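Below is one structure, written out as structure tokens, with a few remarks after it.
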Amino acid sequence: MTTVSTTAEAESPLPSPPCRQDVPATLCRFMTCPDLALAILIYAASSIGGVAIVKYLNYTFCFSSASVLAMLSRSTWVLALLLHAYLQVRYRIRIGISSKQLALYVVIAFGLSAVEGCNALSMAVLPGSWYALIKGSDVVFSMVLSCVCLQKRYPVEQVVAAGFIFGGISLVFVLGAPGPAVTHAQATAIASRNAANVTQTAAAWVCIAGALLNAFMTVVTEGVLKETLRMENERLLADCGASMVSGNNSPARKLLLSNAYAMWTTMLSFLVLIGAAASAGDLGHWPAPDPSCMDPSATSTAVAMGVCLTLVGLTRFAERLSKHYICVRDSAMTFSVVQAARRSSQVFVVALLFTELLPASLVAGTVCSSVGFLLHWHAGATKAAEAEGAAPHNVAR
């Protein structure tokens, strides 16, 4: 017999032990939910670590092959496939893919491949701190595209927040973008040479183009393709009799469908990137450090590079899973808080980790963007609180 939960029960996070009244609600959840705190730590470490690993490969081994880095970032489909198989065995179902879904996934995969290519190239050429700051522009682009394509309207506070974010990034361009530190000059020059002599200024614009395209893919997927994919998923789940994952708010259902989407899009994107790398002749040799930085024949060098290259994909997979867990375990609003803190701190963490230059322009731009991220989160939290207060709490019998 299937019981129907109330709307509030279906959308509310898992219960947590109470805190003292003087403790803020968000901090209370972190203190009383060790699993949530662990997920947040994993998300922060994997997100920042993904950039740090690429810059370590760049600075230590002078390795900067954008095509290889892009493929490794999309290699998470292997782990997603294993998780998909486990979930199907765990819940005794077999969920396939329809021709309509496959066609949509192919379109999405081409867009994601272009995004990954832009990210890999710009990450290899730019200082990690400068790259991290520019990546925050996707928030602004998402808002603008949502207004233009989906006719969405945002409160004044979020518009002001977007202005601060965009202003912070523009400030660095106007006052002067950070160049490479003396210790990183050789690695940066090699990265620029390997990327067809792309300058740091050009790489910054490539990064902005990647953020714009990523925002466009997100808006199109959420606003145009999401309903079609949802209907196809409903039909496939009904066909396979998935009673164990019934209910739109079932954590198992959310994980199954989210992982299936990630698996197919990353797999197809990986194949697109392999084709691009093969046409460019980048698959004819195993990734190796530049001889001017390290001896490529040394066993220790090969092992260290192999570990780092493997971690590129592992950190991306851990980042995605921990993000999903935070949203399901607590709420998307909690994740927005974590993401805002990560965006604000990543610039300084990467810069200090690799002793990159921190000119006044970068510091001022980061502070300005951080104010924008905080305002953006506050506006979203206020809107969510108002919606929750106005939501009906009728019990469906």
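If you go along the chain as it appears here, the first residue is 1 and each next one adds 1.
Quick reminder: no glycine exception, Cβ is built from N, Cα and C everywhere.
Just so you know, TrEMBL annotations never went through curation; they're auto-generated.
Given the structure is predicted, the values throughout are model-derived calculations rather than measurements.
Feature transmembrane segment, per TrEMBL, maps to range 298-318 of the set 298-318, 361-381. Outside the transmembrane segment (63-82), and at least 6 residues removed from its termini, the chain residues within Cβ reach (under 8 Å) are 50, 54, 57, 112-113, 116-117, 119-121, 123-125, 187, 190-191, 194-195, 259, 262-264, 266-267, 269-270, 273-274, 276-277, 280, 282, 287-290, 305, 309, 312-314, 316-317, 320.
Same-chain residues lying 6+ beyond the ends of the transmembrane segment (102-124) with a Cβ under 8 Å from its Cβ atoms: 51, 54-55, 58, 64-67, 69-70, 73-74, 131, 134-135, 191, 194-195, 198, 203-204, 206-207, 209-210, 213-214, 216-217, 220-221, 225, 228-229, 264-266, 268-269, 271-273, 276. Long-range contacts of the transmembrane segment (130-150) within the same chain: residues 51, 119, 122-123, 158-159, 162, 165-166, 168-169, 172, 177-178, 200, 204, 207-208, 211-212, 214-216, 218-220, 223, 343, 346-347, 350, 362, 365-366, 369, 372-373, 376, each at least 6 residues beyond the stretch ends and with a Cβ under 8 Å from a Cβ of the stretch.
Long-range Cβ contacts of the transmembrane segment (36-57) within its own chain (Cβ-Cβ under 8 Å, at least 6 residues beyond either end) map to 29-30, 63-64, 69, 73, 120, 123-124, 127-128, 131-132, 305, 308-309, 311-312, 315-316, 318-319, 322-323, 325-326, 329-330, 334, 338, 341-342, 345-346, 349-350, 353-354. Long-range Cβ contacts of the transmembrane segment (298-318) within its own chain (Cβ-Cβ under 8 Å, at least 6 residues beyond either end) map to 42-43, 45-47, 49-50, 53-54, 56-57, 61, 63, 68-69, 72-73, 75-76, 78-80, 287-289.
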